[in-house]
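Student: So TrEMBL says this about it:
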- 84-134: domain 'Inner membrane component' (DOMAIN)
- 87-110: transmembrane segment (TRANSMEM)
- 183-212: transmembrane segment (TRANSMEM)
- 269-288: transmembrane segment (TRANSMEM)
- 300-317: transmembrane segment (TRANSMEM)
- 302-419: domain 'Sodium/calcium exchanger membrane region' (DOMAIN)
- 329-350: transmembrane segment (TRANSMEM)
- 370-392: transmembrane segment (TRANSMEM)
- 404-424: transmembrane segment (TRANSMEM)
- 471-491: transmembrane segment (TRANSMEM)
- 523-665: domain 'Sodium/calcium exchanger membrane region' (DOMAIN)
- 595-614: transmembrane segment (TRANSMEM)
- 620-641: transmembrane segment (TRANSMEM)
- 648-668: transmembrane segment (TRANSMEM)
Amino acid sequence: AAVSPLSCCHQHSEEVCESCVVKTTLTAENAVEANKLSNNYKFGFKKWKSHVTARPWEDRSEIVKELYSDLNVIRGSGGSTVTCGNVLYLLLFGWWLSLFYGIVAAVMFVTVVGAPYGQLCWDLAGYFLWPFGKVIQRVEVPTSHHVCGAGAEETSPLLGGPVPHRWRPWCWGHTGYWQRAGAAAWLCLGYPVLVVAHGLVSVTAWLLVFLIPVAKLSARTAARVLLLPPERVLVRRLRMTEVPLEGEVILCCYSAVNPYYYKYTVDGINVFAVNLLPLVLVTLVLGYVDSHNHLTSSSVKFTLALLSIMPLSYYIGMAIASISAQSTFAVGAVVNATFGSITELTFYITALIKGSREGNRCYTEVVKSALTGTLVGCVLFVPGLCMVIGGIRHQEQRFNSRSAGVSSALLFLSVGGVFAPTLFSKVYGKLVCGECHNVTQNPLGHYLCHNCHLDLMDNNGTLYYSHVQPLVYTVSLLLPAAYLIGLFFTLKTHSHIYDIHISDCHMPGHHHSAVVHWSRWQALVILLLSTLCMSACADLATEHISPILTNSTISQYFIGVTVLAMVPELPEIVNGIQFALQNNLSLSIEIGNCIAVQVCMLQIPILVLFTIFYPTNFTLVFSDLHVYASMFSVVLMNYIFMDGKCDYFQGTVLVMVYFILLAVYFFAPSPSGC
């Protein structure tokens, strides 16, 4: 898909073109992608960068096409093969893989009947020591090739040179017997060892992502080369001017490392999300099987559970985007509203339940810190980081100030509503301190007090139950109502503020029907399974966070506002960075604003509603640090976004302010109750 402002179709009349000029025209490969792009600009919809449909092969760049090649294309002269990536292959895999082949070759020579396979392994030992600029081909063996004449010369029309002579014991007679015996020896003694070695190389290289060419090379060898008769495998080095005329090229590799493999996808799923998926299985098995921490500690399980949330967040986001792109506006709005905040809410609710069961107020404080950390991070860090990275490529970036103004107004409203009960309690609450000491030895002098907090339960809780709690319920009703009004305003009555036009014209080569990666039902199943796994991982995270909270020297405030708040948002941050690199800062800003608005207007009211049916220690009264940090962040963001343009310096300011607030949280004492 492409985003092109001030573009119009040549086939349209001038009147239509004049109406197109004032809008941003989105050009997509098909109707589903166009719907997804349109949803990206809708308030309350999840912003998604990746495609939800398969792109036509001819429309992809040469760089992307190379990522999906089978390593069987012979290119012309490409320069020296001695590169840093190829040397890295030699150090990581080449030397010991070649050694394995040498050992197997010796074993096969000892068996006598497996001598042809020994010769093949010897040739492959040299190949895998440095496979670059070499070729493995499957050659057709003529009938005369099996005749063991003493003066017969073996040649290959494929590369114009002699076929390497392999020792064939079946020349002694009983050809069929010797061939079967050699194959049996190979399948019992040689092939299994090499398959294990190649499997280890493939898995390791795949997990390293940028070494995926090595994984393909190794997997193709185990699946094809090692299963061919040895006389049909030709291994040799390509000369600079040599081009094979016929025959099948099985492997031809020039580079072990390709830095563009971060774009690689499997059925539309980014390779990093694919690689992290086994981590979810390990986390669930380890967490529920080793419940008494015999194998690992609680800290390890907490870390694994938290890391597992990242790929699950990615799958949830892609499922939501897929369903929304293939459905009507109403269905998309319901799915986004229902599952858009499921990642954070799952963790918050499980933490509140555990804190209620244990009677530990520390879990409530951690949830409040995570809520504040998400708000501050999405207002400062996410847009700031996108501005900095986007500013490296683009000197100045512009965005839609009107759409950003709607989000800013909702943020002001939501922050004021969320912290209204806190301000109310500070005006009318009673300050209670644990202990006080007279530092001047004078009854009228100064007192130093510790463990002070506002008591809302004075006089049997009259202040809280008669004044604060009704205010909390009122705010929790008004904030979702304001969110719905914002949706109606931006999506219905004033949708023109986004200046988006979906072009009906097709670019050359775009006459393709949509081939979706995930159908609606498939996306729904993945969405439900990911949500279920997310709940299990959140349960494990809250189950094993207690030792970290009690034994850690770091403030619980800091743990909440950093790790628990920002790790689930990493897929959103990556999306924002990708939009910024394409000079589409509007979506980068909207990603942070949308999450921040949902925290205040949806997540917090849902938590308040949850406490009605399942009583917990969660109250909508935050510490002074949370109030000041949130309000200052929103004010600063509105000041930066006032003129509708920005650069890397303004982004640096937002990021630096965010790190200053993190330093404040780091050195802050732990909240009361922890």
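Every residue gets a Cβ built from N, Cα and C, even glycine.
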Student: With helix taken as DSSP H, G or I, strand as E or B and everything else coil, how many residues of the domain 'Sodium/calcium exchanger membrane region' (523-665) land in each class?
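Tutor: Result for the domain 'Sodium/calcium exchanger membrane region' (523-665), in helix, strand, coil order: 117 helix, 2 strand, 24 coil.
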Student: Could you tell me what the rest of the chain brings near the transmembrane segment (471-491), counting residues at least six beyond its ends with Cβ under 8 Å?
Tutor: 42-44, 329, 333, 403, 406, 410, 413-414, 417-418, 420-421, 424, 497-498, 597-598, 600-602, 604-605, 608-609, 619-620
Student: Who are the long-range neighbours of the transmembrane segment (269-288) in its own chain, taking Cβ under 8 Å and residues 6 or more past its ends?
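Tutor: Answer is 50, 206-207, 209, 212, 261-262, 295-296, 301, 304-305, 307-308, 310-312, 314-315, 318, 517, 533, 536-537, 540, 543-544.
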Student: Hey, which bits of the same chain come close to the transmembrane segment (370-392), Cβ under 8 Å, at least six residues off its ends?
Tutor: 344, 347-348, 411, 415, 560-562, 564-566, 569, 572-573, 576-577, 579-581, 583, 585, 588-589, 591-593, 595-596, 599-600, 603-604, 622, 626, 629-630, 633-634, 636-637, 646-655, 657-658, 661
Student: Relative to the transmembrane segment (329-350), which of 300-317, 595-614, 648-668 accounts for the most Cβ pairs at distances under 8 Å?
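Tutor: Per the Cβ count, the answer is 595-614.
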Student: Should anything in the same chain at least six residues away from the transmembrane segment (595-614) have a Cβ under 8 Å from its Cβ atoms, list it; otherwise answer none.
Tutor: 44, 337, 340-341, 344-345, 348-349, 352-353, 356, 367, 371, 374-375, 378-379, 382, 407, 410-411, 414-415, 417-418, 472-473, 475-477, 479-480, 482-483, 486, 569, 572, 620
Student: Which residue counts does DSSP yield for the domain 'Inner membrane component' (84-134) in the helix, strand and coil classes, in that order?
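Tutor: Helix, strand, coil within the domain 'Inner membrane component' (84-134): 42 helix, 2 strand, 7 coil.
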